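> Handing you this structure, nothing more for now.
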């Protein structure tokens, strides 16, 4: 017996858009669906996973390759690379909706691999060459890969979409563990150039496999409108806009541990050779966070999982003020990796959920990441500006930047709760269902 609209879960809501006669709906299973997830896993490994290893480059550039540049100057390379993945999101998303997925995958794969090899050829001390190859070249290539690899999942999965997305984005966590170890070992045993040539070869093989494995499908929905009309409709969707505002606030504080936990660990008196593993610990925790909550999100709804995960993330940021031992930092890293990883993997499901009626999931996914990208770019520099030396022993005063991060994530959690309330009311008014 079919459920009445009033008690349907949000993932069960059906779009009432005109149907495409050539469309094939999501199957939630099958060889093509899981091959696509495997390919998206590889893309995430080579995009966000690779970006998460910038701490290795920061160390190499500061000590050896760009010794005349300050750590702040060097950090802009990594920040801008990360920003470039998000900045073109509106145009990348619209191109996805227009059917250019395969074109972007091929071009993005070539551009990222080519730029990594170009990075291996830059001359020591040439900051502008590094910036062009790494921040702009690699960043732009990743932009053409990252958002399409998240959006294409919705063509294959509906009831199990959150879990499938979680499996795919786990590639970023695995990459965040593998790339730093790989680059560190290669840099110690070979030259900087050879280390990057090896990294380019690994990325090239994985992205080639991803291009073969990922299978885009014709989808149901409205005929595409221009990007101008699509963006105009976005601003009229209150629940969507509130969720984007909440995500922007979260981005101001969420990545603080990913950038500063190793420094915090050393500042607490922990041996540097132990502090080196804090980033790997964070990413190991995020593997669990990207899988388990997503599994339950398909049954309880993505909103009902992402909101408690955000509040727990904020609580953990406040708790770290009292954590000073290595054992405590390890536990914090595991739990924080889990809760923050849950948010990162669930937010695409929220965006797709809110895009159900628009017929333009790619454009809405792209607009969301374009908006969030700017706040991600400025969040960690703000926290760095709040971090300063306290006392004659050279120790750092951490409380201002930690409190700032915790408050930002807390406000984002409240904003996401408000977005859920608005979404429920909109669904009821349209007779589509409600969140429970």
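Numbering starts at 1 and runs along the chain as displayed.
Quick reminder: no glycine exception, Cβ is built from N, Cα and C everywhere.
Note that TrEMBL annotation is computational and uncurated.
These figures come from a predicted structure and were not determined experimentally.
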> With TrEMBL as the source, which of 72-93, 402-423 is set down as transmembrane segment?
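That would be 402-423, the stretch labelled transmembrane segment in TrEMBL.
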> Mark yes when the transmembrane segment (363-382) and the transmembrane segment (163-183) have three or more Cβ pairs under 8 Å (sequence separation 6 or more) and no when they do not.
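They do not touch: fewer than three Cβ pairs between the two stretches lie under 8 Å.
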> Spell out yes or no: are there three or more C-beta pairs under 8 angstroms between the transmembrane segment (195-214) and the transmembrane segment (104-122), with each pair 6 or more apart in sequence?
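Checked: the transmembrane segment (195-214) vs the transmembrane segment (104-122), in contact.
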> Hey, does the transmembrane segment (104-122) touch the transmembrane segment (234-261), meaning at least 3 C-beta pairs closer than 8 angstroms, sequence gap 6 or more?
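No, the stretches stay apart by this measure.
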> Counting a contact as 3 or more Cβ pairs under 8 Å, with residues at least 6 apart in sequence, do the transmembrane segment (273-293) and the transmembrane segment (363-382) touch?
no
